[in-house]
Amino acid sequence: MPSAKSSDLSPTKTNLESTTKQKVSVQDIFLYIPNLIGYLRIITAIISFLCMANHPVATLIFYGISGFLDAFDGYAARKFNQGTRFGAVLDMVTDRCATSSLIVYLGVLYPQYTVFWQILVSLDLSSHYMHMYAMLSAGSTSHKNVDETQSKLLSLYYNNRLVLFFVCLINELFYMAVYLHYYKFFWLGTVMLVASTPIWLFKQIANIIQLKNASLILARMDAHDHSKRD
C-alpha cells in the first residue's frame, strides 16, 4: 500500500494560521486597551465638569489628566496593534466634547464674550467634523493622513505626533488659563494665558485651514460626480 505524502498528513501553514487565529468580537473591540484609556478620559473629563463651579484646582487636575491621557491611547493602539475606527472617532469626539464643554463654562464666567466663545466652539466642531468627513470620503484610512500637497501646515500638524500633542495640549492650557484667571490664580492663570496665546492662535489658524481644505475636497468630489452625470 503506498504511503501517504507528508504534505497530505500535516496541515499547511495557512491552515495552522487559520485555526490559531481567534475571531474578534464587538465586545473585544470595546475592551481594547486604547479604548479603555478613552473611557477613562471621558470619566475624568466629566469629573472636571462637576468641579468647575467651586473647585478650580480639582478641575485643573482632572481636566489635565483627561488631556494627558490623550497621548497614550494612540501609543497603545500602535504598540498592541489595536487601532480601530471606533477608537479613532472616540478620541476625536472626546477631544471636541471636552474642549467645547470648557469653553461653554467660560461663557458662564465671561458672559460679555459670549459671541466670541460661540465662534470658537463652532470653528472647532465644524473644522474637525468636515475635515474627518472629507478625508474619509476621499478614501483615506485616517483623518490624520494629510500630505503636503493639501497643506504644509496641516501636514506638519497631523503627521508629526510631537507637534500634534503639544499644540493640542497648549491649546487646552489656554482655555484652562482663562478659567483659572477668573479665580485669581495669577501664576497658573495670567502667566499661563500669556505663554499659551501664540500656540492657541496657531491652532485656530490650523482649524480655519482645515475647514477650507475640507470644503475644497468635498466640492471637488461633488464637481466630479456631477460632471459624470452630465
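Our numbering is plain: 1 for the first residue shown, then up by one each step along the chain.
Glycine residues also receive a Cβ, built from the backbone N, Cα and C atoms like all the rest.
LYS152 and SER227 share a topological domain name in Swiss-Prot and therefore face the same side of the membrane. Counted as Cβ pairs under 8 Å, contacts with the transmembrane segment (90-110) are highest for 29-51 among 29-51, 58-77, 185-205. Summary of the Mg(2+) 2 site environment: with the site residues ASP70, ASP91, ASP95 set aside, the chain residues having Cβ atoms within 8 Å of the Cβ mean position are GLY38, ARG41, ASP73, MET92, THR94, CYS168.
THR84 (CDP-1,2-diacyl-sn-glycerol binding site) and ASP91 (Mg(2+) 1 binding site) are 11 Å apart (CA-CA, integer value).
Taking H, G and I as helix, E and B as strand and the rest as coil, DSSP gives the topological domain 'Cytoplasmic' (78-89) the counts 7 helix, 0 strand, 5 coil.
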